[in-house]
Amino acid sequence: MAPSSPRPALPALLVLLGALFPGPGNAQTSVSPPKVILPRGGSVQVTCSTSCDQPDLLGIETPLPKKELLLGGNNWKVYELSNVQEDSQPMCYSNCPDGQSTAKTFLTVYWTPERVELAPLPSWQPVGKDLTLRCQVEGGAPRANLTVVLLRGEKELKREPAVGEPAEVTTTVLVERDHHGANFSCRTELDLRPQGLQLFENTSAPHQLQTFVLPATPPQLVSPRVLEVDTQGTVVCSLDGLFPVLEAQVHLALGDQRLNPTVTYGNDSFSAKASVSVTAEDEGTQRLMCAVILGNQSRETLQTVTIYSFPAPNVILTKPEVSEGTEVTVKCEAHPRAKVTLNGVPAQPVGPRVQLLLKATPEDNGRSFSCSATLEVAGQLIHKNQTRELRVLYGPRLDERDCPGNWTWPENSQQTPMCQASGNPLPELKCLKDGTFPLPVGESVTVTRDLEGTYLCRARSTQGEVTRKVTVNVLSPRYEIVIITVVAAAVIMGTAGLSTYLYNRQRKIRKYRLQQAQKGTPMKPNTQATPP
C-alpha cells in the first residue's frame with residue numbers, strides 16, 4: 001500500500017502556492033468571523049467557505065488545536081479552534097478548478113494581569129516630604145486596552161497605559177497631615193467595551209500610609225539637679241508640635257533605672273511625669289534621659305543628676321541631764337565635706353566638727369543647742385540641722401517675784417494666794433501657819449480673819465529645800481471707816497491749805513505792783529469837789 005504521509009503536506013503546499021500564484025479564475029475563499037476577541041484559553045468556531053461548488057480542497061491552516069464539526073456542505077466547513085492562548089491568524093484555503101485562494105481570520109486574546117502590586121510604603125513618612133508610589137503589572141492583554149491607575153482612596157493620582165513587561169507606573173506625592181491613615185493602591189483597567197465586552201478591573205492590595213510631624217527641637221526636661229539618697233524626686237518631660245501626638249512614645253530613664261511616667265496629652269503636645277527614687281547604690285552623677293519616638297525618628301534630652309548622701313549632723317552632749325555647776329561638753333559632727341556651726345558660731349577652723357564647753361547653771365535648763373551643717377553638691381548648698389536640749393538639775397527657789405512676802409486684803413473679798421516655787425525637778429510646795437493651817441495657794445478664797453497671819457512656805461525636791469515667810473493682812477470694815485475719815489480730812493485740809501496759799505500769793509502780787517506804780521508816778525492830793 002502506498003504511503004500516505006505526503007498527504008498532510010498537500011493543503012499547506014496548496015495554500016502557499018495559492019498565496020504566491022493566485023489562479024486566474026474567479027474562485028474566492030472567505031472566512032467567518034473575520035475578527036474575534038476571546039479570553040485566553042477559550043474556543044471559537046470558524047467557518048471556511050469558497051465560491052466554487054466543487055472545490056478540490058477546502059480547509060484551514062492554524063497551529064491551534066482544531067476539530068472539524070459535522071456541519072458543513074460541499075463548499076463550506078466549520079472548525080472549532082480551542083485553547084487559544086495568544087493572538088493568532090488562522091487561514092482558510094480552497095482549491096477550485098478555476099484557481100486557489102485564501103482568507104484569514106484574526107483572533108485577539110484578552111486576559112487580565114496576573115500580578116498588580118503596589119510597592120510597599122514606608123512604615124512612617126514625614127509630613128512635607130515627597131513619597132514615591134510605584135506600581136508593577138505583569139501580564140494582561142491586549143496591552144493597547146490596558147491602563148494602570150494609581151489611587152489614594154478613590155482619588156486618581158496618575159493614569160498611564162501599561163507599557164513593557166512588567167509594566168511600571170510611578171508618581172510622587174507631597175505628604176500632608178490629611179494623608180495620615182489614607183489607603184494607597186494600584187488598579188488596572190482592561191477596557192473592552194469598544195469590542196462589545198466590558199471593563200475588567202484588577203486592584204492591588206491597599207497600603208495604609210502613616211504620616212508624622214516631629215519637631216527638630218528636643219523635649220523639655222525638668223528635674224532636680226541634686227537628689228538625696230533614700231528620697232524621691234519628680235521628673236517632667238514635655239514637647240509641643242507633635243502629630244499624631246497619641247502615637248508618640250516617651251522613654252524616661254535615670255541611669256539604668258527605667259521610669260514609669262504618667263503621660264497627659266494635648267492637641268499636639270504631651271507631658272510625661274514620673275517619680276524617681278534613689279538609693280545608696282545610685283550615689284554619684286547619673287544620666288537622666290528623656291527620649292521621644294514618633295515614626296522612624298526620635299528626639300532626646302540628657303541631663304545629669306547628682307545623687308548624694310548627707311545625714312543630719314550629730315549633736316552630742318556629755319550628758320543630757322546634769323546637776324547645776326557641772327561642766328558640759330557639746331559637740332557637733334557632720335559629713336566630712338560639710339561646714340558646721342553650733343548655735344550660730346562656726347567651727348574654727350572651718351570644718352565638719354565644732355564643740356562648746358560650759359558650766360551648767362539653772363538658766364541653762366531647757367537650753368537648746370542647734371547644729372547647722374552645710375554641704376555643697378553640684379554647685380548647690382544643702383543645709384541640715386539637728387537640735388539637742390540640756391536639762392540642768394538645781395534646787396528649789398522661792399523669790400519675791402514668784403512668791404510675794406506680804407499680802408494685804410480687805411475682809412470678805414475674793415482673793416487668790418499665789419506662790420510658785422522654781423527648780424528642776426519641780427519642787428513640792430506647802431505653806432503652813434503655826435505648822436498646821438495651810439494657805440490655799442492657787443485657789444480663790446473669801447478672805448476672813450482666820451486667814452490672817454504669817455505662813456512658812458517650804459519648797460522641797462531631790463535637790464534640796466528652801467523656805468520663805470509670807471504674811472497675810474486682813475483689813476476689817478472699821479479700819480476702813482477710819483481710813484476713809486482720815487483720807488477725807490486730809491483732802492479737806494489739803495484743799496484749804498491750797499486755797500490760803502493761792503490767796504496770799506495773789507495779795508503779794510497786787511502789793512508789789514502797787515509799789516512799783518508809786519515809784520514811777522508822784523502822788524497827787526485828793527481834791528474834794530465843790531458842790532454846785
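Any Cβ shown, glycine's included, is placed from N, Cα and C.
Which of Cys48, Cys52, Cys186 pairs with Cys135 is settled by Swiss-Prot: its disulfide partner is Cys186.
The record in Swiss-Prot lists a disulphide bond between Cys371 and one of Cys332, Cys403, namely Cys332.
Of the cysteines Cys92, Cys96, Cys237, only one is given by Swiss-Prot as the disulfide partner of Cys52: Cys96. The disulfide bond recorded by Swiss-Prot for Cys237 joins it to Cys290 [selected from Cys92, Cys290].
Asn202 (N-linked glycosylation site) is 14 Å away from Asn145 (N-linked glycosylation site) when you measure Cα to Cα. Between the alpha carbons (Cα) of Asn183 (N-linked glycosylation site) and Asn406 (N-linked glycosylation site) lies a span of roughly 107 Å. Between the glycosylation sites Asn202, Asn267, Asn296, Asn385, Asn406, the minimum number of other C-beta atoms within 10 Å of a residue's C-beta occurs at Asn267. Taken through DSSP, the domain 'Ig-like C2-type 5' (412-464) splits into 3 helix, 25 strand, 25 coil. Taking every protein chain shown into account, Asn145, Asn183 are the glycosylation sites, and of these the Cβ with the most other Cβ atoms within 10 Å belongs to Asn145. Separation of the C-alpha atoms of Asn296 (N-linked glycosylation site) and Asn406 (N-linked glycosylation site): 96 Å, rounded to the nearest whole number.
A distance of 123 Å separates the Cα atom of Asn406 (N-linked glycosylation site) from that of Asn202 (N-linked glycosylation site). As a summary of secondary structure, the domain 'Ig-like C2-type 1' (41-103) carries 0 helix, 43 strand, 20 coil according to DSSP.
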